[in-house]
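Visitor: This structure is in structure tokens; I'll ask about it shortly.
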Amino acid sequence: MDLLPPEVCSLLNPAAIYANNEISLHDVEVYGFDYDYTLAQYADSLHPEIFSAARDILIEHYKYPEGIRKYDYNPSFAIRGLHYDIQKSLLMKIDAFHYVQLGTAYRGLQPVPDEEVIDLYGGTQHIPLYQMSGFYGKGPSIKQFMDIFSLPEMALLSCVVDHFLGHGLEFDQEHLYKDVTDAIRDVHVKGLMYQWIERDMEKYILRGDETFAVLSRLVDHGKQLFLITNSPFSFVDKGMRHMVGPDWRQLFDVVIVQADKPSFFTDPRKPFRKLDEKGSLQWDRITRLEKGKIYRQGNLFDFLRLTEWRGPRVLYFGDHLYSDLADLMLRHGWRTGAIIPELEREIHIINTEQYMHSLTWQQALTGLLERMQTYQDAESRQVLAAWMKERQELRCITKALFNAQFGSIFRTFHNPTYFSRRLVRFSDLYMASLSCLLNYRVDFTFYPRRTPLQHEAPLWMDQLCTGCMKTPFLSDMAHIR
């Protein structure tokens, strides 16, 4: 496979790796991986199975109304990174500054008018910090859905609320939220998802050959590898045999299953347990982590002590910004890489509409400036107001290209989303899949695109588009003094 030249890295390329922080792979000696949605990429066809199983659990075990069974999974409804206000039964998109993006608040399957959203939060779009600032995305009454498995959870939650509201049934918001969350959890705890994947790995597991290529390449270049996953050994073993082959464990220096992340990174009390070849627990005390062996639970503090893999020479990849990456970057100094499968689709959409979007604005702006040169001030303001209205309509169209209800997972109209803010904070690199590593040398250095601070940029196009027609230089402000 041809390597990407350095100058390509800044382009909108779905196979590229994007850097939030400078990092040289030359300095990375140890690579770590999560399993689900990192080493193993899953097909979207898994989501309807999770939705339907959890829906039936609600009806059969939690005794929810039979009418809920009429709902099917809608893959186009929700996006990752949304927040859910439990007390208000409100699913919404929030930007990096804690403001609700108007037009993206839903109760059940119905949009909530902007005026009602503002009224619900005391006359503002802003969500107070104390309600949503939990380290793992959980405030006192607001939950952020951060992993890909949360897509069927959001869909089911919205469908159940829709049914109760549509039939005038009274319900306690906290009980309903907990029941839906528990039903989704039961799908995982009971092993249903594992059974579906194991029965048809060709259907559900994607890019297995690319995973094998990434791991083999790193080992061939003398890198050490480890795996830390919450999934059970039998499931991981079958998946890795499918993707890599029966000798997959020889690629890894350490393999840890059922790690119970994120507490694995913060709780030093749980010891490591060794598993035998049949997956049964052993009783011996763990004094070293051996290659080819399988370990269960444990904690990061013992892991660091036994391996001495510390600091920036370790690069760990995962898909969950909180459970996989946050602690490792902020508390232990590892470098981190986020796997964001949605990135590929979003980049394709951007590339498709960017050219036409650019032409539209060039033509509109040129026409606006020409008319403003000939009209009086009052007429110019009317022209500008009409143009701004057209711009707002175009924004809504652009939003719908990504998702009709919530738009892009990375951006609101003006600002990055709260998801984007956490992505930048907790990951040095992000990419659509692990296979993107194949496009770069193992000694490649990634640099983030340098963007000017507001006080460093004298005039930008977006200032013109928002009505700030001129930046006040010192000479312009002289009369104020």
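Just so you know, glycine gets a Cβ as well, placed from its N, Cα and C.
Small disclaimer: the values here were computed from a predicted structure and weren't measured.
Taken from TrEMBL, the feature Mg(2+) binding site covers D34, D319. Positions annotated as active site, nucleophile by TrEMBL: D34. If you look up TrEMBL, you'll see D36 marked as GMP binding site. The active site, proton donor annotation in TrEMBL covers D36.
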Visitor: Tell me which residues of the chain lie with their Cβ under 8 angstroms from that of the residue listed as 'GMP binding site', as long as they are six or more apart in sequence?
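Guide: In sequence order, Y42, F149, T229, N230, S231, D319 meet the Cβ cut-off.
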Visitor: Restricting to the chain of D34 (Mg(2+) binding site) and a gap of 6 or more, list residues whose Cβ falls under 8 Å of its Cβ, or answer none.
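Guide: Once residues fewer than 6 apart are set aside, D34 (Mg(2+) binding site) is near L227, I228, T229, K261, Y316, F317, G318, D319, H320, D324.
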Visitor: Just counting, how many other CB atoms are there within 10 A of the CB of D319 (Mg(2+) binding site)?
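Guide: The answer is 22.
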